[in-house]
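Report on one structure; see the data block that follows.
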Amino acid sequence: MAYFSTATSLLLLVLSVSSPYVHGASDCDTLVITLFPCLPFISIGGTADTPTASCCSSLKNILDTKPICLCEGLKKAPLGIKLNVTKSATLPVACKLNAPPVSACDSLPPASPPTANGQAPVWGSGWAPAPSPSKGNSLIPISGFSFVIVTALAMFRI
């Protein structure tokens, strides 16, 4: 038991040190981890019809703190957990929150540390409710985000 937790922690450390995202997106990784309570609602095979209060609270915190991190969470990929992107896009509406549309993620630079003049990149002023789900099923694997989720689940035995 302790061996598994130690091995998982060591693996996480090694992968995070070698990750190209470590320096620019570590703040986002920390924020995205708080969305674990949303997995039953946004993951493929998730059984929740509505997000929990804890999920909505975490989403609100990210939107208030660094909304670009939601894009980072969707852009990162490989390890296991797959998100239903269509359902993920409805999360802000389900939580009764305003958020930039998912389509805005493509036009944004990756999250990064403050620029040379000391200012962080700005998200933009295009705030609007997330779009309603369309017919069909948009599914993509989400990896970096997935790795963090899988590791946390293993460590906390959720």
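Note: Cβ is positioned from N, Cα and C throughout, glycine not excepted.
According to Swiss-Prot, the protein carries these features:
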- 1-24: signal peptide (SIGNAL)
- Cys28-Cys71: disulfide bond (DISULFID)
- Cys38-Cys55: disulfide bond (DISULFID)
- Cys56-Cys95: disulfide bond (DISULFID)
- Cys69-Cys105: disulfide bond (DISULFID)
- Asn84: N-linked glycosylation site (CARBOHYD)
- Ser134: GPI-anchor amidated serine (LIPID)
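Note on proximity: among Cys28, Cys55, Cys69, Cys105, the disulfide-bonded residues of the record, the Cα nearest Cys95 (disulfide bond) is that of Cys55. Considering only the disulfide-bonded residues Cys28, Cys38, Cys71, Cys105, no residue lies within 10 A of Asn84 (N-linked glycosylation site) on a C-alpha to C-alpha basis. According to its DSSP assignment, Asn84 (N-linked glycosylation site) is in a strand.
Around the Cβ of Cys28 (disulfide bond), the number of neighbouring Cβ atoms within 10 Å comes to 26.
If you take the CA of Cys56 (disulfide bond) and look 10 A around it, the disulfide-bonded residues you hit from Cys28, Cys38, Cys69, Cys71, Cys105 are Cys38. DSSP assigns Cys95 (disulfide bond) to coil, not to a helix or a strand. Reported as a whole number, the C-alpha separation between Cys71 (disulfide bond) and Cys38 (disulfide bond) equals 15 Å. In terms of C-alpha distance, the listed disulfide-bonded residues Cys28, Cys38, Cys55 place Cys28 closest to Cys69 (disulfide bond).
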